[in-house]
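These notes concern the structure reproduced below.
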Amino acid sequence: MEKQEGRVFFSSITLTILIISLLSSTANAHNITRILASHPSLSTFNHYLTLTHLASEINRRQTITVLALDNSAMSSLLDKHFSISTLKNVLSLHVLVDYFGAKKLHQITNGTTLVSSIFQATGTAAGTAGYVNITNLKGGKVGFAAEDNDGLHSFYVKSVDEIPYNISILEISSPLSSADAEAPTAAPSQINLINIMSKQGCKSFADLLRSSKALPTFQDSVDGGLTVFCPTDSAVSGFMPKYKNLTDAQKVSVLLYHGVPVYQSLQMLKSNNGVMNTLATEGANKFDFTVQNDGEDVKLETKVDTASIVGTLIDQDPFVAYKISKFLMPRELFKVSNEESDAPAEAPKSSKKGKKKASPAADAPADGPASDSEDQKAADENAAHSNAAVTFTGVLFFSLFIANLVL
């Protein structure tokens, strides 16, 4: 009897440790896109982490430090007109594969240290060019510099967010400069988007894209993963009166809205309902839509209209393109009503003056309707609660299963 009670006690302790471990690992999970979404001053940095696919790399790592750049610092970087591939190398230099919270910055042994970045870890950097020098200067100032660049030209500004020993996000004053990271990269393999669309019943959309500033963003995203939703010729024809009423910046945004910066096979779309970001997504400019499937039917819901996938143009990982029944209309550009009004919303005024670059993301309208923003916040909160409930339920059932085996 005493032995049996001992076994039960030991099993209870084991189960408790197991549950705590599982819950702890869930709590430590992070999503860089969601964290930065609550910091508008970092919206451009957030956008390009997604566009270069560094966001997913950051999310899968457990001990990491992100050196974030505000919108002004990102503008200076974008003014150099790097290709997406080169920009990825530069930004990956700003992601360190070690944890440095604000406190640790001021406790560096001997006042200086070299830390490897994702640029170094991926093997893309030559020699030690992917290392970052961190130096604790006098007066509490902390400087950063790439190993292959003399002098400290960027400095610690503030801590944005910290999940101890998991992820730390620190804002720095200016981009890290590295000749190796900024070197031109080999041109990505060019899948001819225009020809593929034109030959498969999407010629009208292809023609719009061909003459738009949105096309380079689509082309630069192919190698890293791209999903395109191409409206049929008849859908484009019906949308043209509205398209002609849009400003040039809004036209770019609505075209980018039809691209997703990740590869999504049809099977993946059928099994993953939920909100999906697009090439037009940047900070407060959500420009997202919801994927809903019913059996074999996959629908894209924007709150303004709903389109169905009616065919596949090409599916060659990392690129896939689908034909859809309607032109997707984002709620940021078109009014939402019970009758799904198609009237264009008033174009938000840009908060930047004297803007020189023609970056599609920078030209996108600044804000969507307040009511939609509140709806999205509520949806995010509900999703968080739902995920927590699912996690707890999974842990509970798993614990009961182990208990039955032990007892």
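Keep in mind that glycine also has a Cβ here, set from the backbone N, Cα and C atoms.
Fair warning: this is a prediction, and the values are worked out from it, not measured in the lab.
Annotated features, as they stand in TrEMBL:
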| type | residues | note |
| --- | --- | --- |
| SIGNAL | 1-29 | signal peptide |
| DOMAIN | 29-176 | domain 'FAS1' |
| DOMAIN | 189-328 | domain 'FAS1' |
| REGION | 338-383 | region 'Disordered' |
| COMPBIAS | 359-371 | compositional bias 'Low complexity' |
| COMPBIAS | 374-383 | compositional bias 'Basic and acidic residues' |
Residue counts (helix, strand, coil, in that order) that DSSP gives for the domain 'FAS1' (189-328): 49 helix, 41 strand, 50 coil
Number of helical, extended and coil residues in the domain 'FAS1' (29-176), per DSSP: 56 helix, 40 strand, 52 coil
PLDDT averaged over the residues of the domain 'FAS1' (189-328): 90
